[in-house]
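**Student:** Take a look at the following structure, please.
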């Protein structure tokens, strides 16, 4: 019978362990390099987009002054009498966004309060995915639903144009509701239970506890959800292209057709304006302004969210 040396057996196990650790280290390095490459490509792509947008925008402002762009109240770059005042596009964007948020804030916040404070766990497990499913519907579907169903319905009671800001804003509000509701729900759930129990110990009702204790404690997260909702509304394209129309004007009348910044970008990118022309450069000028607006909104949102996170972590 062959004797097995315990020292040889221990050395063999140790050697196998070293080989396994070495192979694991190599695999981790490879995965790390792949992940780094993916992150680098994302950053490089974003940087390239920003460089191209602002490079073309610089060319635009060599032909059109800042005063014309920001002080003129007419936007007619595609007509013989050219005006490059961006305010009509900003007005259309703000009007549809205001309508959308007037819908999304109460709907999203109400759904968050119900799912967090009132709904049974089984009900919440069904309703939350159902609400969030709205965010997965293609925006072109929202646009045609607004044009072919909401607009005819509203025109029975209101003197609306075929293309109008109201129908587009209402559909955008429904589309943004999951964003506001989901983030608000996370913020409300992050409020420590001890705050609720302390409120109940003082003898106040559940509704009073929600509005006087829970919501103020979750206010930072709720504000962040609203700002992200505004950012998405500002950047929405297909719904406003289909339902709001392409009439750049300064108005607060939601019954009229308006044109948003994104709708104009979709219009000009159709190919009618030659690349390099002044008309084509307006696409980049409007895009640069839209980029700066959404960037500012996202920075504010992240700042608010970080304050919320530091407070309750």
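A Cβ is built for glycine as well, from the same backbone N, Cα and C atoms used for every other residue.
A quick note: this is a predicted structure, and the numbers were derived from the prediction, not measured.
Feature annotation from TrEMBL assigns domain 'ABC transmembrane type-1' to 90-301. Residues or ranges marked as transmembrane segment in TrEMBL: 30-54, 86-109, 130-150, 162-188, 209-230, 283-305.
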**Student:** I need to check the long-range neighbours of the transmembrane segment (162-188): which residues 6 or more away from its ends have a CB within less than 8 Å of a CB in the stretch?
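**Tutor:** Tertiary neighbours of the transmembrane segment (162-188) are 92, 95-105, 107-109, 111-113, 115-117, 128, 131-135, 137, 139, 142-143, 145-147, 150-151, 154, 214-215, 218, 220-222, 224-226, 228-229, 232-233, 236, 239-240, 242-247, 253-258, 308.
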**Student:** Where among 30-54, 130-150, 283-305 do we find the most Cβ pairs under 8 Å to the transmembrane segment (209-230)?
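**Tutor:** When the Cβ pairs under 8 Å are tallied, 283-305 comes out ahead.
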